[in-house]
Amino acid sequence: MAALTFELLAKCSVTKARAATLHLPHGPVPLPIFMPVATQASLKGLTPGQLEEQGCRLCLNNTYHLGLKPGQATLDAVGGAHKFQSWPHNLLTDSGGFQMVSLLKLAKVTEEGVRFLSPHDGSPMLLTPEHSISLQNSIGSDIIMQLDDVIATTSPDFARMQEAMDRSVRWLDRCIQAHKYPERQNLFCIIQGGLDLDLRRECTAQMVARDTPGIAIGGLSGGEAKDEYCKVVDTCTGLLPEKKPRYVMGVGYPEDLVVSVALGADMFDCVWPTRTARFGNAITARGVLNIRNAVYSEDFGPIEEGCQCTCCRRPEDGGLGITRAYIYHVTAKETAGAHLLTMHNVYYQLNLMKQARQAIIEDRYPGFVKGFFGKLYDEDKGKYPAWAVKALGGVGVDLLDG
Amino acid sequence: MLQTPATNIGQLPPEMLDFTILKSTGSLAPRLGRLSLPGRKTVLTPAFIGNTSRGAIPHISQDNFRKCGGLEGVYIPLEDFIEKHPQKTPPIFKIEARDPLRKFIALPNDTFTVLGARRSPPISTPVAHTNTEISLLTSVGFRSMTSEYYAAAACKLQPDIVVGLADIPFGQEVVGTKRKDKMSDRTEMWLRDIIAKKNGMGEEERKFNIFAPILPIERDLQSWYLEHLLDDMVDKISGVAIYDAYLLDDLPDELHHLPRLSFHVPASPQELLRQVSLGMDLFTIPFINFASDAGIALDFTFPPPAKIGDSPRQALGIDMWDPELAVSVTPISGGCTCNACTKHHRAYIQHLLSAKEMLGWVLIQIHNHAVLDSFFTSIRASIEAGTFDADVATFSAFYEPQLPDKTGQGPRVRGYQFKSEEHGKSGKKNPKAYKKFDEEKIVQLRAAHGQNKAVRDLVDDEALVGLVGMTDMEGVKLDGVALGEDEVKA
């Protein structure tokens, strides 16, 4: 059962890119999409209204964090995470497995679940697939993720990798079994298998057989080589059904998004754009600018020329007309500075995907990709990352040509 | 809040401030007034203006400032903008545009600006003032600024109102008589400087209105200054800045028609009421932000609700850290119409604080400003109705005399936000975000899992909540900025 419809609008005639509209319980969202991460039911200082104004209609919460604070009892009492944070649009929650392993180095995975010590009082706790789904049912997110056995992709231990993959499949079955509201929450499976393409193929086949409403490719973005990353995404999307959304977890650099879309992925999330904003970094089409650098102290232009975010838009057009010099003036000194840059970065990421979608619909995605890299590297093809050239070459776009 | 811009003041010179006393029952009594500046929202007094830090009301980004209806005016301290002085020209002076200060901080066109030298409240400086310079605290340390420089800054920045420099040794408990003489001499000299500078401005330049400081010393010790003020400067000033509300009695009658801006820092709403009762018109209220940072949502109305029997005095605010609020799905205050109360409930705000999410302070700050806004609306209604004294009495009987104590931890504090003497105290101003387990704990944890491998530090995402500590970033090269400097993935 699914609580979504996937409306495929266009396919790129050269690459594997797709444009679609995903109809979710809290409204439609355009694909491809970038989803900002509101870890603890709040997007780093922004009000739900501010997030909405940047165009966001689907953001993430973290099950692990919400399970600890405010906790399941509160979520039940309040009536779920939408009501809790006054967010009228869609939410996606991860299962908590990743945080368990990334934040708590002492977590131990057994067939039963993930065993860890409470960061609050050190008491032993166990997160099982059933408990993760129960939490996500209480959260009420529109898309929920299965609990998976996450290990570092770079792990050399093949046996452990195989075990994690097989276990993730078994846990999916337990998640499906435990899921109370398939008619209003969409459970996505997560393909594991590290960087071993055969394992990934096997896992994909197993997961697809379970017919979940959407499919995620997990265990990536953990420090593996970009070449390897692209091979995994390309391999998996090649085996996935066309009429289902594909979510690559934890991916967020602009180049990664543009290449991954060409490889046939639809959904992405990452904390980097919002986290880096708090360090004074602005994402622009010409690269990331650290606005704390003194060269910006007298730069009275917008964060990015032509950007239509709340900060950059001119006052005549209803924006604030915030300058780089002002961001320099407040960043890391007043929280409002972080809020301003966070809005800009979220807008940039959402707008990048919006432009990509339009290009796919008009069947000019290869040109869009070339334009994107040209601008990012100042038309200097020598600077293009080899992995991107190779990956795009594999789907028929020669970045170095023309 | 009054939204309509000033009307019918077309006959005034383009930037002239107009202050009309609408109701007054004599000196040392509450009064109602209307302050208008061309192109800005008219403000009915008594009222408060926003207290900015580096161009923004703390925690309120410029778009939220607009969404919350905005305040009619804001106070802007120059010391927030001149950390490059004197080695370099501060960036703010290099903006080639009309109304550069407003443009720089993205303030709405209809909000009036009051420029002063020091933050409110100012942090005491170790360096004494001289005949020509005052000392101040920028984000990179203590600096000196000449009266000449201040006057030039006022001309360049085009604020609506400029508060004349006052020679006040902030933080000094006992001030000798000789020093007080000097205070009044220098303050007079510096006021003359800024008046002269204004008179020298070109025809086409937008002029500012000057508020003359009234020193926190007895009248006979500033009598020369006050005399000269009345003799040759009274027609050059548009208001007075009061540093000790309890000396309002000493204010010469000839200055009574002028609006009074208080820099006498009130600690509580009761103290605000006391100042209003003495005839104060405009306030900056630092306790709003102190309460917000402490996680205290203000919760009082004027006059208070009817007292029920012998019930104890009510708190002036709610400690939003209180774990009891974790399942409370009611707004902070029942009748409040602020964006925090109409959209969110106590449970969420309690969660945001305990998760150290910045939004917690944002919402409380929005609410606290709304509480003060309706407080002043009610004060004006009460003065109008002639019930002010009685209402103050019931207010004092109904509420605790002080704001609740802070229990939770505030956002990271910055160097320019705490007093210099606190630097000398031991202990950290901000708690450590990361901590290492001690040996004993590591052994214990290993045993719990039967693991023997090396144990890494506990990584806690809370470290990234709020802001990252920043040292001087001048030396950072642009080339060093690359994708991948932060850890990816949630």
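Numbers run from 1 along the shown chain.
Every residue, even glycine, has its Cβ placed from backbone N, Cα and C.
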Original post:
So TrEMBL lists A:C307, A:C309, A:C312 for Zn(2+); which of A:H179, A:H339, A:H344 goes with them?
Top reply: A:H344
Subject >> Record-annotated substrate site (TrEMBL): member among A:D142, A:D148, A:D266 besides A:D94, A:S95, A:G96, A:G97, A:F98, A:Q192, A:G219 >> reply: A:D148
**OP:** State the residue range annotated as region 'RNA binding' by TrEMBL; the candidates are A:24-28, A:129-133, A:274-278.
**Re:** A:274-278
**OP:** With TrEMBL as the source, identify the stretch among A:82-88, A:250-256, A:362-368 annotated region 'RNA binding'.
**Re:** A:250-256
**OP:** Using C-alpha positions only, work out which of the recorded positions A:G97, A:F98, A:G219, A:D269 is nearest to A:H344 (Zn(2+) binding site).
**Re:** A:D269
**OP:** Determine, from DSSP, whether A:G96 (substrate binding site) sits in helix, strand or coil.
**Re:** coil
Original post:
According to DSSP, which kind of secondary structure is A:C312 (Zn(2+) binding site) found in, if we only use helix, strand and coil?
Top reply: coil
**OP:** For the region 'RNA binding' (A:250-256), find every same-chain residue at least 6 residues outside the stretch whose CB is under 8 Å from a CB in it, and list them.
**Re:** 34, 98, 218, 220-222, 226, 229, 265, 268-273, 283, 348-349, 352, 372-373, 376, 385, 388
Original post:
How would DSSP class A:H344 (Zn(2+) binding site) in three states?
Top reply: helix
Subject >> In the chain carrying A:C309 (Zn(2+) binding site), residues 6 or more apart in sequence that have Cβ under 8 angstroms from it >> reply: A:Q54, A:I303, A:G319, A:M343, A:H344, A:Y347, A:Y348, A:N351
Original post:
If you draw a 10 Å sphere around the Cβ of A:D269 (active site, nucleophile), how many other Cβ atoms fall inside it, taking every protein chain shown into account?
Top reply: 25
Subject >> Distance [Cα-Cα, Å, rounded] between A:G219 (substrate binding site) and A:D94 (active site, proton acceptor) >> reply: 13
**OP:** May I ask you to pick out the recorded positions among A:F98, A:D148, A:D269, A:C307, A:C309 with a CB closer than 8 angstroms to chain B's CB atoms, ordered by sequence, or 'none' if no residue qualifies?
**Re:** A:F98, A:D269
